[in-house]
Amino acid sequence: MDGIFAVMVLLGGVFGSLEVTTVAVTKAEGQPGMAGLLLALYSFGSLVSGLVFGALNLQISLRRQLLFAVGGLAVVSAPLAVLPSLWATAVGLFLAGLAVAPSLISGMALIERIVPASRLSESMGWASSGIGLGLALSMPAAGYVSDHVRPHLAYLVLSGCAVGALLVALGVLPGLRRADKSALATDSDQPGVTAVPAEPMVVIDAPVPMPPLEEPGQPGTAAERW
């Protein structure tokens, strides 16, 4: 869980630095109005990949899905700092967005897979807090690079976080494999509940015996009692 938390912190660093850097780059290029378009393309890429990724029934393990998604994010974000124009940056951000949703989906699904049910809510909370922590740390870092070095180079904060997430994912992969196997063993030890069909109820309409009718006037009859 600690490794996945670190991955979530670094993914939050990707999100925060991307927003700050994109606004600074478009302003430096004299086209601040394009910031909204670039961020929209990035979000649209994440939306598309989220819909497609959620609909796929992948046969590879969740830990490998996380590794491939974070690796793709690291690859496509690496050249953002040296792209020659805003339109090239727009394409790069769209491609980066394509890797965002699979990274989050596989990370959260992996947490749900390896964490005991009694700690699932807490673990999800830690993952969300990790993303927020990454946002809080990366935004001022990207802003500092934009103001004191060069706006385009602030994308290195983004790509650095993505590469860091990939390295962490590679480092914790053996531990995640053991945790995944342990979770599978725990699931297999729990007996399943087999539904047993109920036997049909048979209702026998047997005649209810009635007492014999007594003739009037006989001793002990109802007529004498009255």
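Keep in mind that glycine also has a Cβ here, set from the backbone N, Cα and C atoms.
The model shown is predicted, which means the values in this text are computed figures rather than measured ones.
If you average pLDDT over the domain 'Major facilitator superfamily (MFS) profile' (1-226) in this model, you get 82. Look at TrEMBL and you will find 1-226 tagged as domain 'Major facilitator superfamily (MFS) profile'.
What TrEMBL lists as region 'Disordered' is 207-226.
Marked as transmembrane segment by TrEMBL: 34-54 (among others). A Cβ distance under 8 Å defines the sequence-distant neighbours of the transmembrane segment (34-54), meaning residues of its chain 6+ beyond its ends; these are 18-19, 22-23, 26-27, 86, 89-90, 93-102, 105.
For 66-87 (among others), the entry in TrEMBL reads transmembrane segment. For the transmembrane segment (66-87), the residues of the chain that approach it from at least six positions outside its boundaries are 4, 7, 11, 14, 25-26, 29, 31, 34, 38, 60, 93, 95-96, 98-100, 102-103, 106-107, 110, 152-156, 158-159, 162-163, 165-166, 169-170, 173, judged by C-beta separation under 8 angstroms.
According to TrEMBL, the feature transmembrane segment maps to 93-111 (among others). Taking Cβ pairs closer than 8 Å, the transmembrane segment (93-111) reaches residues 1, 4, 7-8, 11, 14-15, 18, 22, 38-39, 41-50, 53-54, 62-63, 65-66, 68-70, 72-73, 76-77, 80, 120, 123-124, 127, 158, 165, 176, 180 in its own chain, all 6 or more past its ends.
The feature transmembrane segment is assigned by TrEMBL to 123-146 (among others).
Sequence annotations record features per position, and here TrEMBL assigns transmembrane segment to 152-173 (among others).
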Grab the same-chain neighbours of the transmembrane segment (123-146) for me: Cβ-Cβ under 8 Å, and only residues 6 or more beyond its ends, written as numbers and ranges.
1, 4-17, 19-21, 24-25, 107-108, 111-112, 115, 153-154, 156-158, 161
